[in-house]
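Right, one structure below, let's go through it.
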Amino acid sequence: MMKVLVVVALLVTLISYSSSEGIDDLEADELLSLMANEQTRKECIPKHHECTSNKHGCCRGNFFKYKCQCTTVVTQDGEQTERCFCGTPSHHKAAELVVGFGKKIFG
């Protein structure tokens, strides 16, 4: 019986050592991933900024990613150009309002 306990203890030690090595590798990969996400977060376009040249580069808001909203602008010369900005669509605003109201009621 004592031999079985020694073998089990040895197996548990080996498994915990090998899994800790795997966790260290995983943490290093996660750190690199977080650094990459931070870099893309810095490169995204904030709310109310122009996104005419990069319509899919808007940052994330509290709940949703901002959408590039475009409008046609007529210059003084009579030329029409498209101008876009990152903003929150009305249906996202409504959803955020409902969620905020629900948080106030239910804590």
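Here the Cβ of each residue, glycine as well, is placed from N, Cα and C on the backbone.
Swiss-Prot lists 1-20 with the feature signal peptide, giving sequence analysis as the kind of evidence.
Around the Cβ of Cys59 (disulfide bond), 16 further Cβ atoms fall within 10 Å across all displayed protein chains. Marked as disulfide bond by Swiss-Prot on the basis of similarity to another entry: Cys44-Cys59 (among others).
In the three-state DSSP scheme, Cys68 (disulfide bond) falls into the strand class. Annotation comment: Swiss-Prot describes Cys51-Cys68 (among others) as disulfide bond, evidence class similarity to another entry.
Look at Swiss-Prot and you will find Cys58-Cys86 (among others) tagged as disulfide bond. In the three-state DSSP scheme, Cys86 (disulfide bond) is classed as strand.
Residues or ranges marked as disulfide bond in Swiss-Prot (evidence: similarity to another entry): Cys70-Cys84 (among others). Sequence-distant neighbours of Cys70 (disulfide bond) (same chain, 6+ apart, CB under 8 A from its CB) are Thr52, Lys55, Glu82, Arg83, Cys84.
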Specify the count of other C-beta atoms within 10 Å of the C-beta of Cys51 (disulfide bond). 22
In Å, rounded, how far does the Cα of Cys59 (disulfide bond) sit from the Cα of Cys68 (disulfide bond)? 10
